[in-house]
Amino acid sequence: MERVVKLAAKHCPFVSKADPSALRRMAGAGLIRAGARCPVVRHALPVAAATGADVSRGFKSDSKQMAMEPSLDEIHLKAGVVNTGSRTCRHADAVKAAAEAATTTPVTKKHQMPKHYASDLNGVGPATTPRFDYDTFYREELDKKHRDKSYRYFNNINRLAKEYPLAHLADPNTRVEVWCSNDYLNMGGHKKIREAMHQCIETYGGGAGGTRNIAGHNQHAVRLEKSLADLHQKPAALVFGSCYVANDATLSTLGRKLPNCIFLSDEMNHASMINGIRNSRCEKIIFKHNDLVDLEAKLASLPLNRPKIIAFESVYSMSGNVAPISEICDLAKKYGAITFLDEVHAVGMYGPRGAGVAEETPGLLSRVDIITGTLAKSYGCVGGYIAASSTLVDMIRSLAPGFIFTTSLPPHVMVGALTAVEHLKVSNVEREQQRSAVRRVKQSLSEIGIPVLSNDTHIVPAMVGDAHLAKLASDSLLHDHNIYVQSINFPTVSVGTERLRITPTPAHNTEHYVQSLTNAMNDVWSKFNINRIDGWEKRGIDVGRLCKFPVLPFTTTH
């Protein structure tokens, strides 16, 4: 801009009569907008854009934001120049030489626009304003996912309530066996749950009508939260749209409100917990997975009076590992921390009434400060919740945006969830049949060398170790054997530990289904030459050990 001014000063009445300091103050959006209307000067403007000058916000520079004044019209008037509103400035010929000289100014590489900024402005808008190429950016982000084999493909799986574990694909006439659903106990298709939901819809309709604060609070929410509080032996509970939201909203709210709070988080925690801690903007310390020595060392390094939250899970969904809950509670008490326990992959399946792993040790439920769970897995519906003290629950209810500003769950969903929770408080049939199916599948796969990561839970991780191979194995099972098992890749699991995650349900506890899966897995492992048990044992990975679940007789119905 300085070069243009100097070259034009000898000829242009506008430039020669204007105050130099005023021109400098205008060397931004005001002058550029006017120049863009000039058929000569506008050709020099892309050079100014390439130098990175900030002309988009009415400021002189990036480093020192000074409002630009006076306007171009004011300077024209002071210089005695008229007809400034015409599309062609009357002094355009005089400034043409300067403009052409400016267009020849070389642009160094460091000043070139990023590739996501379009260089062809097609004459629309100020010539100095680059356009961000959104679609190119989106494509490049997706290309990264394709290159590292972490791109997610959705399979069209339509589970059939009256034929489970069967489902159909896009064609309703097809049938495939579903072996990876999180409807762990088949409660989503349970006759009692379906009938309760149908009846509720007939009476109350399909939607909630609003947030809990505005028209969305009802007797169904009250009853469900009372039942969940009773399940976990807590004074209160609060229901959310999902357990992802429950974890995120609760952790972020606690972290923002507790003064100088610090989180201690297991390195294998779910993304919802990681995100909640991140959103709290609190300090965090990651401790080694299920490592009590590492956790205690980190706790001991902190002041006793500083608020601390230990966040961990009971059953880790991709490995089946179980946390040492009692010992973590001991450390929390010793070092003045509170515990946040995610029982998402345990509620319904563990404990005498389905309250989770903590319920299996007498007296342990009362020692855990905050328990979170889901209504979308063992209970076969949708939603999440927390259970804790009345004051903590009321604080989250009153302060958590993730609870306050979202529509409540529909009445029929809460009725279905309540029916499932109450049913599993008294029925062990589903739990026993599921455990028998899990034991049979693990034993059958082990006998043919399929490397199942050892654990004593319902999770059956068949290890593959390569993202591309895992996808091929999953596709082959589906298309060649009518068996659906989703491949699990990074970032859900670490690179090199890709797997197929199998989750047997009570409906799989038949000789037909167990043998069908075993034969298909054996064929696929041979087809793609995937490592079996011995290959993983050489890497020091514990695979193939049988779980402790008891075996029941096969069921004879689906």
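Any Cβ shown, glycine's included, is placed from N, Cα and C.
Remember, predicted model here, so these are calculated numbers, not experimental data.
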For the pyridoxal 5'-phosphate site that Swiss-Prot describes with Ser317, Thr374, Thr406, Thr407, which of these is also annotated: His289, His345?
His345
Which of Arg139, Arg147, Arg152, Arg159 belongs with Ser265, Lys284, Thr492 in the substrate site listed by Swiss-Prot:
Arg152
Any idea what the Cα distance is from Thr407 (pyridoxal 5'-phosphate binding site) over to Thr492 (substrate binding site), rounded to a whole Å?
29
What span in Å does the substrate site cover, taken as the longest CA to CA distance among Arg152, Ser265, Lys284, Thr492?
30
Excluding near sequence neighbours, so keeping only residues 6 or more apart in the same chain, what lies with its CB under 8 A of His345 (pyridoxal 5'-phosphate binding site)?
Glu313, Ser314, Val315, Tyr316, Ser317, Lys377, Thr457, Ile459
Under a three-state reading of DSSP, tell me whether Thr374 (pyridoxal 5'-phosphate binding site) is helix, strand or coil.
strand
Longest CA-CA distance among Ser317, His345, Thr374, Thr406, Thr407, per record bound to pyridoxal 5'-phosphate, angstrom:
28
